[in-house]
Structures are given as C-alpha cells and as structure tokens.
Amino acid sequence: MAQTLVVKIGTSSLAGGKEGNLALATIAQLVEVLCHCQRRGDRVVLVSSGAVGVGAMRLGLTERPQQLAQKQAVAAVGQGHLMRMYDDLFAVLRQPIAQILVTRQNFVDRQSYLNIYNTFQALFELGVIPIVNENDTVAVDELKFGDNDTLSALVASLVEADWLFLLTDVDRLYSADPRIDKTAVPIERVVSLAELAQTIQVGSAGSPWGTGGMATKIRAAEIATEAGVRTVITDGRSPTNLLKILGGEALGTHFEPRPKTINARKRWIARALIPKGELWLDEGAVKAITVGGKSLLAAGITRVEGEFQAQDAVKLCDPTGAEIARGLVNYNSEEIRRVQGQQSTELANILGYAGADTIVHRDNLVVTL
C-alpha cells in the first residue's frame with residue numbers, strides 16, 4: 001500500500017566531519033533509497049538542512065556564522081550548491097525533484113498554507129520528489145522555524161504523512177547523550193511524551209554545523225504524532241535503515257501516533273500559528289474546555305497576557321499558567337481585559353457594540369494537553 005513519507009536529514013548527517021565537508025556517499029545512498037520508495041508508489045518529501053553548512057564550506061569559513069545577516073548571506077551561497085548536488089544525484093536515477101523554500105510566515109498565513117498544500121499535491125501527481133528547506137535568506141528572527149526538525153513535522157502534518165523520519169547522528173534516542181554518558185539507555189518506543197520528559201536528558205544544541213539537538217526532535221515528534229504521523233529517529237549515516245524500518249525491523253526510536261487526530265484546520269491553529277498572548281482561566285473554564293469541549297466565555301478568564309488583535313492565536317492556560325489549549329480570539333487584548341470575568345450578556349454593554357458571545361469559539365479552539 002502506497003504511503004506518504006517525509007524524511008528530514010540534518011546538517012550533522014550531511015557533513016562528513018567537523019570541517020563540514022559533505023558526506024557524499026551517505027547522501028547518494030539516501031537518494032537511492034528515496035527513489036526506490038518513489039518507484040514502488042510511495043509519495044516522498046525530503047526536508048534537507050545544509051544551506052549554511054555548504055555555503056560556509058564554499059566560502060572557506062571554519063565556523064558557523066552567528067549573526068543573522070551573515071547566516072542569510074552564507075545560506076544564499078549554499079542553497080544553490082546544495083540543490084545542484086541533489087539534482088545531479090537524482091538525475092542519475094531519472095528522478096525529477098523540486099525545490100520548495102518556505103518561511104514560518106507561509107505557515108502562519110492560512111491562504112499561503114493552503115497554497116503550499118496544493119503545490120505538494122500537484123508535485124505528487126507529477127511524480128516529483130519535493131526538497132524542502134527554510135528560506136533562510138528572507139526569514140526574520142521572530143518568524144523562523146529555528147530548526148528543520150520543526151519544519152519537517154509541520155510539513156508531515158500538512159501533507160498528512162504516514163511516516164516522518166528524523167535522520168540524525170545517533171542510531172536512536174537515549175536516556176542521555178551516549179557520546180558523553182556511557183550508561184545511557186536506548187529508547188526503542190515512545191507512547192507518552194509526558195512520561196518520556198521525566199526519564200531523559202536532552203541537549204538544546206546539536207552539532208557545531210547544525211541548529212537542532214535531540215530536544216528539537218522530540219518537539220517535532222510531538223507535532224507529528226499529534227497529527228497521526230508515526231515518527232522515527234534513526235541514524236542518518238545508514239539511509240537503508242528507512243527501508244528496513246518500513247519493512248518492520250525495530251530500528252531507531254518510534255513515536256507512536258495519537259489514535260485520535262484533529263482535523264487539518266485545527267492542526268494549523270495548534271501548531272502552525274505562533275501564539276501572540278495568553279489567557280489564564282479559572283478551573284471551571286478549564287474543565288468546560290478540556291472535558292466538555294465547550295467554547296471559552298469571558299466569565300472564565302482571570303488574566304490576559306500580551307498584546308494581540310482579533311483572530312490572532314493565543315494560548316489558553318490553567319490557573320498555574322500551564323497551557324491547556326490554543327485558539328483564535330474574537331476580540332483584541334484590550335477588549336478582553338475589559339470583559340474578563342463578566343457574563344456574555346454584558347459584553348455589548350461594556351464594549352459598546354454587539355460582537356461574538358464567545359471569546360474563543362470551540363470551532364477555533366484546540367486542546368493541547
């Protein structure tokens with residue numbers, strides 16, 4: 001049965017060592033694996049890092065640039081060379097590819113988000129393998145994915161993938177970094193991310209040439225599994241592992257997808273949008289939303305954090321400040337401060353106009369517990 005596969009390869013797997021040289025043998029093997037999957041009927045997306053690393057190599061830089069403008073310039077140099085390499089390798093196997101460069105703003109804007117979806121579908125119909133990367137040259141700090149693990153998870157959610165493979169420089173997730181801690185225990189299967197968080201130690205940074213560590217991969221797994229995508233962390237230096245895993249072998253760390261998934265629009269609200277503020281709720285409102293599936297009313301709001309406009313995304317928090325949901329607000333932050341704790345029947349009198357009865361309607365609300 002044909003499946004949709006999203007494969008993310010990081011800079012640590014693309015590079016052959018600390019000097020940042022490309023691991024061409026590994027990349028060529030990955031290309032062969034992806035072409036094999038494509039030819040048997042699977043739909044394949046490759047999310048590839050490496051523009052900054054390749055650009056730095058071409059420019060003779062010995063360290064990854066730190067300033068945004070310099071990173072963007074180096075990425076502009078590297079992205080073309082990266083795609084040329086992929087095009088040369090895929091062309092040997094007569095497999096057409098496409099470059100898709102996106103920014104976080106493309107995922108935040110609903111129309112742009114849908115346009116990206118339609119582009120993927122058209123490429124799949126044409127038998128093309130899309131190669132995705134963040135458009136580093138035009139991205140701004142406030143609207144960056146930050147790492148391609150997150151980008152790959154959002155892409156997997158967007159195209160409703162069956163599998164997300166996060167290729168890294170270790171064979172699976174461990175209780176601690178096995179390169180440092182010899183007592184680290186391998187983790188083969190994850191059902192509860194909450195339980196996992198209590199048992200492992202993860203770093204916030206990856207290799208010198210990458211931006212993502214294991215923590216970002218776990219966050220990516222959360223996004224993907226919430227969308228019903230089985231996620232696997234495995235060794236990027238052995239691309240044939242993908243075929244073995246698809247064949248049923250127990251390699252890597254498998255994150256089980258959630259059995260009940262939300263619809264595509266709510267996935268967009270929950271994970272693609274960037275919350276502009278927070279609404280703190282009383283216990284009654286928390287229960288009504290998480291158990292009863294109700295809309296958020298003004299009466300249940302105890303605190304408003306941040307400045308935002310109507311239809312912006314916000315976090316909904318319990319009395320301790322822990323996030324319980326996300327949603328699109330019907331009023332701006334100033335208006336909500338004026339009506340918080342009030343009955344819905346009083347909103348028009350307080351605001352001076354008749355608006356929505358709800359602060360966040362349940363159709364625009366997603367529980368994230």
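Cβ atoms here come from the backbone N, Cα and C positions, even for glycine.
Per Swiss-Prot, the features are:
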- K8, T168, D169, T211, G212, G213, M214, A215, T216, K217: ATP binding site (BINDING)
- S49, D136, N148: substrate binding site (BINDING)
- 276-354: domain 'PUA' (DOMAIN)
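Other Cβ atoms within 10 Å of the Cβ of D136 (substrate binding site) number 22 in total over all chains.
Annotation note: K8 (ATP binding site) sits in a strand segment as assigned by DSSP. For M214 (ATP binding site), the Cβ neighbour count at a 10 Å cut-off comes to 24, with all displayed protein chains included. Closest to M214 (ATP binding site) in space, going by CA atoms and restricting to the binding-site residues S49, D136, N148, is N148.
There are 29 other CB atoms within 10 A of the CB of K8 (ATP binding site), with all protein chains counted.
Each residue contributes its Cα atom, and for N148 (substrate binding site) and T216 (ATP binding site) these two points are 9 Å apart. Distance from the CA of S49 (substrate binding site) to the CA of D169 (ATP binding site) is 14 Å. The substrate-binding residues named in the record, S49, D136, N148, extend over a maximum Cα to Cα distance of 11 Å. Across all of the domain 'PUA' (276-354), the predicted model scores a mean pLDDT of 97. DSSP assigns M214 (ATP binding site) to a helix. Break the domain 'PUA' (276-354) down by DSSP state and the numbers are 26 helix, 21 strand, 32 coil.
Here the CA atom of T216 (ATP binding site) lies 14 Å from the CA atom of S49 (substrate binding site). Distance between Cα atoms for K8 (ATP binding site) and D136 (substrate binding site): 17 Å, as a whole number. T216 (ATP binding site) sits 18 Å from D136 (substrate binding site), taking the Cα positions as reference.
When secondary structure is read from DSSP and collapsed to three states, N148 (substrate binding site) falls in the helix class.
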